[in-house]
Amino acid sequence: MKSVEEQLALIKRGADELLVEAELVEKLKRGQPLRIKAGFDPTAPDLHLGHTVLINKLRQFQDLGHQVIFLIGDFTGMIGDPSGKSATRPPLTREQVLDYAETYKSQVFKILDPAKTEVAFNSTWMDKLSPADFIRLSSQYTVARMLERDDFDKRYKSNQSIAIHEFLYPLVQGYDSVALKADVELGGTDQKFNLLMGRELQRAYGQEPQCILTMPLLEGLDGVKKMSKSLGNYVGIQEAPGIMYSKLVSIPDSLMWRYFELLSFRSMEEINGLRADCEAGANPRDIKIKLAEELVARFHGEEAAATAHRSAGNRMKEGELPDDLPEISVAAIEDMPISAVLNKAGLVKNAAVARDLLASGGVRIDGEVVDRSFIVKLGATHVCQAGKKAFGRITLVSDESSK
């Protein structure tokens with residue numbers, strides 16, 4: 001096992017906040033594997049790279065010799081996490097949650113070592129709690145303290161409804177830490193309230209409180225809003241290798257170091273070396289290719305990564321992407337057909353030219369040929385090629401003034 005200092009450096013890599021660092025140091029000094037918990041509510045079947053920020057950190061803990069608990073919130077998934085929500089979230093059925101959970105497991109083991117991972121379902125202990133147990137759990141926290149949470153506070157002050165079951169969510173997530181005897185819990189920055197709840201409940205139930213490590217929410221391909229499938233600015237880990245590769249190679253230069261730190265398993269020394277190369281004049285696209293190859297290989301294998309790289313090179317033979325790819329924002333109030341986007345972005349002379357190019361296979365989005373049925377989602381960013389010489393990284397931005 002590495003020294004405490006070496007472990008701490010890797011644990012803190014890319015992290016937003018570690019509470020309480022001195023407590024974690026004491027836990028590490030004992031020289032025993034720690035129990036590292038991260039919970040995931042399976043609310044959708046497919047994961048994207050934003051979800052993997054936490055999973056990557058779990059893998060780093062595994063590599064340091066600690067015990068990782070991948071907690072599937074099949075019970076909490078039926079409540080619906082209210083974190084950051086402005087309205088009550090509709091609950092899922094048990095069948096939906098279990099179906100999604102199976103797809104999660106097949107995806108996360110592309111990152112985690114199955115032999116070193118304990119998969120747990122919080123229904124295992126939550127289904128066994130009696131009404132009296134639930135009342136005891138609820139008595140550990142007050143409504144006033146719940147309303148200190150930013151999203152609840154905003155809804156309360158604006159006279160929006162807050163259902164009682166939403167107050168239960170952070171209590172149940174906190175109780176998961178009691179049931180699992182967690183030493184450390186990971187979560188996104190939007191989960192801090194829930195993670196701190198785990199510390200408080202562990203104290204209330206006579207346990208040593210867990211440390212918490214919050215990780216940032218990964219920006220999507222637009223480099224602005226958090227990665228989200230609904231915004232169209234995501235990279236799905238089950239997307240075809242070529243699409244994943246093309247999306248990653250086309251991210252803004254300003255975003256690539258953030259992606260390296262949070263998504264790559266390269267050491268920070270190696271990443272800093274790449275940064276120095278870039279500052280010395282290396283083409284940023286060549287650096288992004290290294291990131292794209294690494295991530296495609298992780299989820300699809302080395303051969304698929306090599307094929308994606310070759311295919312991307314072949315696709316660009318007749319129209320090499322310029323180093324100074326123009327950034328173009330197109331205002332819209334809703335999703336828009338690609339023909340209209342190309343026209344508004346100025347990549348074609350008029351709508352008729354756009355239709356002709358689409359019909360003849362002359363339009364590529366993120367390196368892939370598309371037809372007139374392709375719809376650009378509001379908030380999405382794509383590298384677009386119209387014909388042989390017209391290129392642009394186009395973002396469909398919300399035109400609030402038109403609403």
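Placement of Cβ uses the backbone N, Cα and C atoms for every residue, glycine included.
For K229, the entry in Swiss-Prot reads ATP binding site.
Per Swiss-Prot, the feature domain 'S4 RNA-binding' maps to 336-396; the stated evidence is sequence analysis. Note on the domain 'S4 RNA-binding' (336-396): its mean pLDDT in the predicted model is 90.
According to Swiss-Prot, the feature motif ''HIGH' region' maps to 42-51. Applying DSSP to the motif ''HIGH' region' (42-51) sorts its residues as follows: 3 helix, 1 strand, 6 coil.
A Cβ distance under 8 Å defines the sequence-distant neighbours of the motif ''KMSKS' region' (226-230), meaning residues of its chain 6+ beyond its ends; these are 44, 46, 48-50, 217-220, 236, 377, 379. The motif ''KMSKS' region' feature in Swiss-Prot is assigned to 226-230.
Note on the motif ''HIGH' region' (42-51): residues 72-74, 77, 80-81, 92, 97, 99-101, 103-104, 107-108, 217-218, 220, 226-229, 234-238, 259, 263, 295 of its chain, located 6 or more positions outside it, place their CB under 8 angstroms from a CB of the stretch.
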